[in-house]
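Structure first, then comments.
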Amino acid sequence: MDTDPAMANFKVLYVLTQLCGLTMIVLMGSWVGVHMGGVGGTDNPALEFNWHPLLMTIGLIFLYGNAILVYRGFRTMRKKTLKVTHAALHMGAFILTVIALKTVFDSHNLAKTPIPNMYSLHSWLGLSAVLIFSLQYVIGFTAYLAPGAKESFRAALMPLHVYFGLFGFVLSIASACMGITEKAIFALGSSYSQLPSSAVMVNLCGVLFVVFGGLVVYLATNPAYKRKPIPEDTVLLTGSAE
């Protein structure tokens with residue numbers, strides 16, 4: 001970490017962000033395991049669905065958020081290493097997201113009475129977030145890791161890469177909040193208004209999604225926390241928001 005006094009605040013907020021993210025994964029796992037009956041395979045579509053919120057929480061929220069923060073959280077590492085780590089975290093998030101999407105479509109299509117797909121606002125916004133995330137990954141990999149891209153093109157693309165990366169992340173948070181609320185209402189019905197322990201857990205997960213997302217966006221956009229170039233850097237991308 002830098003010796004800049006501003007980094008003292010960054011360290012506290014960064015650790016808080018990680019604790020918040022790990023807590024939301026534990027809560028989501030507890031909700032799925034304790035209140036939703038656990039997880040299963042294609043022979044039990046209802047339980048197979050439960051992989052969806054768990055894997056999306058780990059992939060499209062926790063790993064996505066940490067991929068955004070990697071340049072600032074590991075600021076003393078060489079930029080090339082950070083770029084590879086950034087891409088690897090995104091790849092992990094992408095793999096988990098693909099599996100999560102398969103489980104939700106299976107749970108609809110393989111149910112005794114098939115459930116329509118892509119009818120809710122959650123599904124529309126969720127798929128939009130996945131598409132933005134996927135396009136971001138392909139374009140970012142092509143521009144910043146694959147050889148051959150001109151430096152002027154990389155510099156011009158960076159503001160859009162940063163903006164749509166954050167936009168996709170925020171959209172993922174919004175979609176996740178809608179999704180767990182929707183599932184809780186389907187599972188609990190009118191008893192949701194009585195706030196049983198399952199409903200409390202869902203609401204807490206939603207709050208942690210928002211807090212985690214807010215912290216990630218703040219840490220990623222605060223100019224005081226921008227990564228300073230180190231002597232080992234051989235290539236600097238002008239206009240980046242590290």
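Yeah, the Cβs are placed from backbone N, Cα and C, and that goes for glycine too.
For 12-34 (among others), the entry in TrEMBL reads transmembrane segment.
Positions annotated as domain 'Cytochrome b561' by TrEMBL: 16-221. Summed and averaged per residue, pLDDT over the domain 'Cytochrome b561' (16-221) gives 95.
What TrEMBL lists as transmembrane segment is 54-74 (among others).
Summarising the annotation, TrEMBL assigns transmembrane segment to 86-105 (among others).
Per TrEMBL, transmembrane segment is recorded for 125-146 (among others).
Cβ atoms under 8 Å from those of the transmembrane segment (158-181) belong to residues 53, 56-57, 60-61, 64-65, 68, 120-122, 125-126, 128-129, 132-133, 135-136, 139-140, 143-144, 202, 205-206, 209-210, 212-213, 216-217, 220-221, 237-241 of the same chain, restricted to positions at least 6 beyond its ends. The transmembrane segment annotation in TrEMBL covers 158-181 (among others).
Non-local neighbours of the transmembrane segment (201-220) in the same chain are 10, 13-14, 16-17, 20-21, 23-24, 27-28, 30-31, 35, 57, 61-62, 65, 68-69, 72, 166, 169-170, 173, 176-177, 180-181, 183-184, 195, 241; each lies 6+ residues outside the stretch with a CB under 8 Å from one of its CB atoms. The transmembrane segment annotation in TrEMBL covers 201-220 (among others).
Against the transmembrane segment (125-146), stretch 86-105 has more CB pairs under 8 A than any other of 12-34, 54-74, 86-105.
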